[in-house]
Amino acid sequence: MANEEENYYGKHGEPRKFDPKFRGPIHTRHCTDVLCCVVFIAVILGYIALGILAWVHGDPRKVVYPTDSYGQFCGQKNTTNENKTILFYFNILKCASPVVLINLQCPTTQLCVSKCPDRFATYLDMQASYRYNKSYWDYYRQFCKPGFNNPWKAVTHVIRDEDCPSMIIPSRPFLKRCFPDFSTKNGVLTVANQTTFKDGRGKTRNVTDLREAANGINSVLDARSVGMKIFEDYASSWHWILIGLFVAMIVSLLFLVLLRFTAGVLFWIFILGVIGIIGYGIWHCYSEYDRLQGTPGSDLTIYDIGFQTDFRVYLQLRQTWLAFMIILCIVEVIIILMLIFLRNRIRIAIALLQEGSRAIGYMMSTLFYPVITFILIAICISYWAVTAVFLSTSGEPVYKVMANQTQCKYANLTCNPETFNTTNVTKLCPGAQCAFAFYGGESTFHKYIFIFQLSNAFVFLWLVNFAIALGQCTLAGAFASYYWAFRKPADIPLCPLFSSFGRAIRYHTGSLAFGSLILAIVQMIRIILEYLDHKLKGTQNSFTRFLLCCLKCCFWCLEKFIKFINRNAYIMIAIYGKNFCTSAKEAFFLLMRNVVRVAVLDKVTDFLLFLGKILVAGGVGVLAFFFFTHRIPVFMKEAPTLNYYWVPLLTVIIGSYLVAHGFFSVYAMCVDTLFLCFCEDLERNDGSTAKPYYMSASLHRILGKKELSPKKAMG
């Protein structure tokens, strides 16, 4: 604390000397936190190298295209599967669930086909009709292994060697895989209007046997249908959605302008409304208390009746309403006393809000800076996602022995398809195959893929936080140059936003990276805790769950605190150009010396900005509702016909809220910057001619101080 006081009052307690040349953010600067800057640049270069490494080893086609039992992609150009884009399963009954199918781990032969089966058929029926109808075999053989052309081969051997499926059922493609064509008829599950089918092994089975293998497919297919309709709605209404977002932008700008004149009125309306509501609550509690007088049983105490699950019982007691009335009276008195004793601080908060609107009015370009932050974050998200996909698909094909016999000791062991037929596995386990299982590898690169994925996630968090920090520091520098302009707007420097951005990049990349690194570490720990909590949900260890819950809560609070410290540290960096730790310390102690003002300003700002976001999103949402439901006579012909009008409506409402949040985040940063500058101004200066205040006339009047004459200042 002593070192902190020296920063403001000198080593011997004398007031810090006024710098007559101080005109806002210092322009003569030096690079700060150089070591962290070097590390940050090295990490970015390493991140680029990781992306290149993943790009070299990865193959996103493994995500897009299904893979057959030979490790070949379905639909891959310049291969025999070029025109075979769909994956077919020989025996879908062996697949436990759609998750198994999608993960390509179903223990049956998988074959690429050009289309799914459209009829029920079995290999036995094909052999029986082959003598007089060879077209039956021509259709059936397209679902057999390539090159197999022996319709007379014994059924038992065909099933053992999995040359052909024992049966085919009507299917339709989904996720480029053939799934049974389920439908419901009179409440009964059917496939192609049939409830039974032959399994090709002499048994007749019910289509409900396919339910487990294709669990949830119907709901997913219905969801796909809904998705197509939603896509159609977006295609026909996207330009109206953009118009709605443009209207939200205009309304947001108007609200920020009106705050200059209505901030005080809105706040006092809110306060008087709260006081009135609580007053009504006190009156209602007294009325109920008086009404229950003389009612049998109403004079019992809460202790007498004990705990009751029906809470309406407590409302029949006079003591309950007396307690409510006392609590509301206490709250009412506290609010009134706070308004009396904090009235000057509330006036300062409102004046700062109005000053923020004035500052933005002189620097309108600041309102559009969030677009730059959005672009930077979008680049980070895109790079992270692409790198994650390439890393996850960077393995080599791994083949495993798949046997029909459960007692085969070679089952699930890795194998080589090129040499598999020369081994004795097929003799010991008749029908066993060396089939593709998944992508993996045993090289050093493949062993550390998990570490690479963690690194990818961590650097992603670091870069996103850096992009946000850069925006906060840039805006803080621009708004600080406004506050420290002695004559506003004459002394505001030319292009303050561009100049502030240049200073932040040139001199303070290391400091911004340092603050972002601390926050990224905490966020990464929170992600790991969430992962552990998800994994341990099924366990019965209550102490572990309690410990994880406590850790999650602590790190959530820590993240909020670090964000608060970082935000104010970036403001100090933008003004004075000091390193991160020094700026964070000075900002923290400056805020602690003005903690009441901080609390009041924070709540006033939060209320007004939240009100603005709700007004913008709600107002534009109501307008969009009337438009998309054809309730505006002027635009009835222009309004598109939609499957679900709520699709563009929700998009407009959410988009309007995000647009308002983007504009108001600039406004919140402006108010925070002006507040820190205001506190600094009060500590640096005393309003005399020698040390005049830099604050605006409205703030100066609220303080109730007059500038000292030159004679009094000298005296």
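Any Cβ shown, glycine's included, is placed from N, Cα and C.
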Stated TrEMBL location of transmembrane segment, expressed as one of 507-529, 553-575: 507-529
Same-chain residue ranges lying at least 6 outside the transmembrane segment (507-529) that approach it to Cβ under 8 Å: 29-40, 457-458, 461-463, 465-466, 468-470, 473, 548, 551-552, 555-556, 558-559, 562-563, 566, 569-570, 573-574, 577, 579-581, 583-584
Touch test for the transmembrane segment (321-342) and the transmembrane segment (265-283), at least 3 Cβ pairs under 8 Å: yes
Candidates 31-56, 238-258, 265-283, 607-628, 649-669; stretch with most C-beta pairs under 8 Å toward the transmembrane segment (362-386): 649-669
When counting Cβ pairs under 8 Å to the transmembrane segment (238-258), the leader among 31-56, 265-283, 649-669: 649-669
Contact set, same chain, for the transmembrane segment (31-56): CB under 8 Å, 6 or more residues outside the stretch: 383, 386-387, 390-391, 394, 445, 452, 455-456, 459, 462-463, 466, 506-511, 513-514, 517, 573, 577-580
Spatial neighbours of the transmembrane segment (649-669) far in sequence, C-beta under 8 Å, 6+ residues away: 234, 241, 244-245, 247-249, 251-253, 255-256, 259, 356-357, 360, 366-367, 369-371, 374, 472, 475-476, 479, 567, 605, 609, 612-613, 616-618, 620-621, 624-625, 628
